[in-house]
Structure formats: C-alpha cells, structure tokens
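What follows is a set of notes on a single structure, which appears directly below.
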C-alpha cells in the first residue's frame, strides 16, 4: 500500500488507533500494516502501542504548494510549483516536459525520489522529510554555448538564500557543491536541451541535506553535513521559497549579462578561493595548485608550476589541500 496517505494522518504528539486509520483511509487493517512497513523502508520510524495505536517518533513537515507560494510573495508569479510524494526523478520528469512545450518556471519538488540523480551520474537519496529535492525548468533565448557558468550562478543563488536564512558559513565549492566547513550540504545538477544558436531549455536540479542521520553519513563517500546541524531551524517550505526567490532574481540577470556579472560575487562565496587545492582527473592523476578564481566561461583557474590554467568541470573533482 502507498504509505503517504497514512503518514499524513499520523501525528508525533498523540497515538491514532489502527481501526480509526483503516476507516479513514478506506482500507483493511492488513493494508495499514503493509503501509507501515513501507514507511519504515522510507526511513520513517512509527511507534506502536497495542492499546493506543500509532504515532510518529519524529514530526514530519510536508512540502506544501500553498505555503511555498505564500512565502514567495511577489516572486510566486514566476513559478508553477507541483509537490509530489514520490517520483522517479524530478530532473527526468521535467526533461520529458520540455518537448511538450512546458513553460519556464515549472517546478517539481518531491518528498522521495526513487531514481534521484546527482552530478557525474551519482544517485541522490534522502530519507523522507530529511532532504529538499526539487527541479526547475527555465527557458532562455540563448544558445547552449552561451549558458556557460549557469550552474555557478545557480549555486550563488542557493548560497545567498542560505545566508539570508542565517547560515553565514554556507559556501560554494567549484563547480556545483554547496558546503559548510564540516562537509557537503548539497549539490546542483544542470541538464540542457536546445540549439547551438538558441533558444534553450534548462532543467536545474537542487538537492540539500536538511537533516542527516548517522547511517546516511556512513553511506556517503565524502564528508557531509546538514542544514540543521549548522543552524537551520526552519522548515523546507521556507527554504524552497527562499531559493526560488533568489533564482527569480538571478536567472533573468544571467540571461541579460552572462556569467561575467557574477564572477566577483561567486568568488567571494568560494570556500577554496586563493587556497591550495588538488584537482582529481579522470585518469587517476591529480594536479595541485592555488585556486585563483573562475573565468567568464565558468572554468576553474588553478595556478601551478606552469602558471594559471583553466579547467572545465567535466569529470574533474576539486579537493582542498593542506
């Protein structure tokens, strides 16, 4: 049974009897038991007392289109937000809508993704309610070649949103990571469709760790951090609205002015600016140097023994070096 209708009826403050749940959902007690099992697989702990029923061990804050629109205020007109309980991938779903002529500003957010994707083909997974995962379709009257640096502008929008919510230590790591001093907070995935001369359609995927369990940390291949640990006590609807509002400001400006207009601001947010770093290359070798900034095309500028060289994201990975 789909567990989401059941979970939406459970409280973390009081128990709900099983017969009451079954009647409200129009299902059998056996179906309720199956839904509870599915909830456990989503990482949701449900407490059971034989004489009292069921309650959530921790509160669940659900994504809500109306609350996001209210928080967006005047920026709400830029977006058509749809929140899903479960979807294969918000990015994949929006990519499929491009050919149908879906408009700029269409946004899909999900409580759970079964095939969420990150940069370099990595999967993006999160326990229910612990992540913010959404994708935004945006159309540009630009060719694909003119969109260089777009992912960095999106990162800047996320960083500004987090700073505005009080997370002053949130920073960027080239090309697409959102980080805190103690680990990665999230990332960005940009997927393009369009002609060389334009117009172009872009799907912007953003994933952030709102909370992170010890089990989730252990399963990751790099240090990770959550917004809750670094001081965010708000809920995801406010977080989503704040990021969308920043995107509504920066994306039109990027179309008009290109990435050059954002270089100084992006470098000010870059955690490794003017610091020693190491680039890990696809062939297993590495290049050491000092990070000197980013070029107008979004390439990383790394100063080594042969001077300053530019590196494009592709399959390279940037790491701090002592």
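Any Cβ shown, glycine's included, is placed from N, Cα and C.
Because TrEMBL annotations are produced automatically, they should be read as predictions rather than curated entries.
Here is what TrEMBL records for this protein:
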DNA_BIND  18-37  DNA-binding region
BINDING   89, 90, 91, 113, 117, 118, 119, 184  biotin binding site
DOMAIN    64-255  domain 'BPL/LPL catalytic'
Could you tell me which of these binding-site residues, 89, 91, has the fewest other Cβ atoms within 10 Å of its Cβ?
-> 89
DSSP three-state call for residue 91 (biotin binding site): helix, strand or coil?
-> helix
Compute the average pLDDT of the predicted model within the DNA-binding region (18-37).
-> 92
Counted with DSSP (H/G/I as helix, E/B as strand, rest coil), the DNA-binding region (18-37) has 17 helix, 0 strand, 3 coil
Counting every protein chain shown, other Cβ atoms within 10 Å of the Cβ of residue 113 (biotin binding site) number 25
